[in-house]
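Single-structure report; data block below.
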Ligand SMILES: NC(=O)C1=CN([C@@H]2O[C@H](COP(=O)(O)OP(=O)(O)OC[C@H]3O[C@@H](n4cnc5c(N)ncnc54)[C@H](OP(=O)(O)O)[C@@H]3O)[C@@H](O)[C@H]2O)[C@@H](O)CC1
Ligand SMILES: Nc1ncnc2c1ncn2[C@@H]1O[C@H](COP(=O)(O)OP(=O)(O)OP(=O)(O)O)[C@@H](O)[C@H]1O
């Protein structure tokens, strides 16, 4: 049977002969499943390749044992795409649970990898497959919900001019990290911001410019290695002045993607944050920006326009520093609420399998969509998107430091329906209402709504990308999917039609 299937998979073209080139072509076609459109045959062929019969009948027999071992090892060492894992974590959660001695340190991760590679790896195939299926299918958008969303989405208004839909600035990018600020800045453009600036070090600037001509790149930041001790004060003042002269134009800052941890550079960035705060500009703080504010909480404490977007490591550091305890996953919402409250009502988006969001008054969670692939940079997309979403749900007057009150503390689990009614619908309609009138008072904290919308959209884009790219999903691929993701939720054509009908 297996042999029959493999023979079928070889193109029937008689022109093909057994030269090395043709053999490689046949192998490639076979491996990619391109010669047999029938799904069952393709699946069967893929299975038989993994069980070691990927070669022709003659070749299989003598090599079968070797093939089977190679494929077995491949399966053993390939980590499952487990939604409970986070970026950079090579260990398997199930195995960690069974092994209390192992923690998430680099050494432990390497140990886990080794144990797995040597065959000690636990894998419940059926459960894993089921989980994958449910993740991939996500919470599909219902037609009615889409209709609701479309009818309330703000149109791309032809009367607006460049800059109206948002000007953002990313403070980040150093010798080591050039990708992160790029991801963040380009994502903001992809979702609808009109201008995206990056303030980075001199080393990083030409590289970031090289990634995209769309970005406005300012090579103003300095790291210790390029500054003499006696020049530090004057250079610091110059750096802050360079950013300051642009500051008023920005609707939001993202501080941290690819910033690094150089003390002199972080010192300058502290001053930039102080200036932004003084000008009541919303600040999204991510990555190394979180490292900075965790050690200097005063920078954001009590500032309602600060949004912290910690990943698992950053959150742990924040909890330890602010609450003086360890992360409590049994009462994650309660702990997040206390944390946001303790930092004086900043909004915190705790990224993870479910994203939890709190401003110290309320906790909300977004668990729809998502991808099991944790490639570096997804958080940068989120921070970039966050900016524009926060901008969209805020009229210009609101950007000047108005406080938003929420009387009740409760936990909302956002499924698609409530997401649409309670957040996207509300924030988009608020945006529409407010940008045109800017008179009403907002009933909810727009930074929270911006977080919810940003989280949902980036998770949807990741999920769409994963459908195509599977394990090879990269952050750049997700960025490519941002437009489609947004379009599936708020199709432009539909929105335009309603504009023309008015
Ligand atoms: N393509 C790109 O350009 C991308 C660039 N990226 C950029 O990478 C930067 C770090 O972000 P990340 O997410 O890897 O750091 P995170 O999870 O907090 O820590 C993981 C572990 O690393 C360690 N550690 C980190 N930095 C350290 C330092 N300077 N020196 C020493 N230790 C350091 C850290 O140690 P700990 O702080 O816990 O002591 C923890 O154990 C950030 O700027 C981000 O934007 C990403 O956005 C991905 C795409
Ligand atoms: N287990 C998971 N399942 C589904 N989505 C997740 C999971 N973990 C994180 N995400 C989503 O991925 C995005 C990025 O989160 P992540 O924790 O990877 O950030 P990060 O580590 O800061 O990223 P970066 O690599 O940019 O530093 C968020 O939108 C979050 O919702």
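Every residue, even glycine, has its Cβ placed from backbone N, Cα and C.
For 145-489, the entry in TrEMBL reads domain 'YjeF C-terminal'.
For residue 258 ((6S)-NADPHX binding site), the same-chain residues 6+ apart in sequence whose C-beta sits under 8 angstroms from its C-beta are 172, 173, 174, 176, 177, 178, 179, 180, 181, 200, 204, 287, 288, 380. According to TrEMBL, the (6S)-NADPHX binding site annotation covers 258, 311, 312, 313, 314, 315, 316, 317, 380.
Residues or ranges marked as ATP binding site in TrEMBL: 351-355, 370-379. A coil conformation is recorded for residue 351 (ATP binding site) in the three-state DSSP classification, outside any helix or strand. The Cβ of residue 351 (ATP binding site) lies under 8 Å from the Cβ of 309, 310, 311, 312, 315, 379, 382, 455, each of which sits 6+ residues away along the same chain.
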Those binding-site residues in 314, 375, 380 whose CB falls under 6 A of ligand 1, listed in sequence order: 314, 380
For the binding-site residues 316, 353, 373, the one whose C-beta sees the most other C-beta atoms within 10 angstroms: 373
Distant-in-sequence Cβ neighbours of residue 355 (ATP binding site), under 8 Å, six or more positions away: 349, 365, 366, 367, 451, 455, 459
Listed binding-site residues adjacent to ligand 2, that is, members of 355, 373, 377, 379, 380 whose C-beta is under 6 A away: 355, 377, 379, 380
Winner by Cβ contact number (other Cβ atoms within 10 Å) across the binding-site residues 377, 379: 379
Largest tally of Cβ atoms lying within 10 Å of a Cβ, found at which of the binding-site residues 314, 380: 380
Residue 314 ((6S)-NADPHX binding site) to residue 373 (ATP binding site) - Cα separation in whole Å: 19
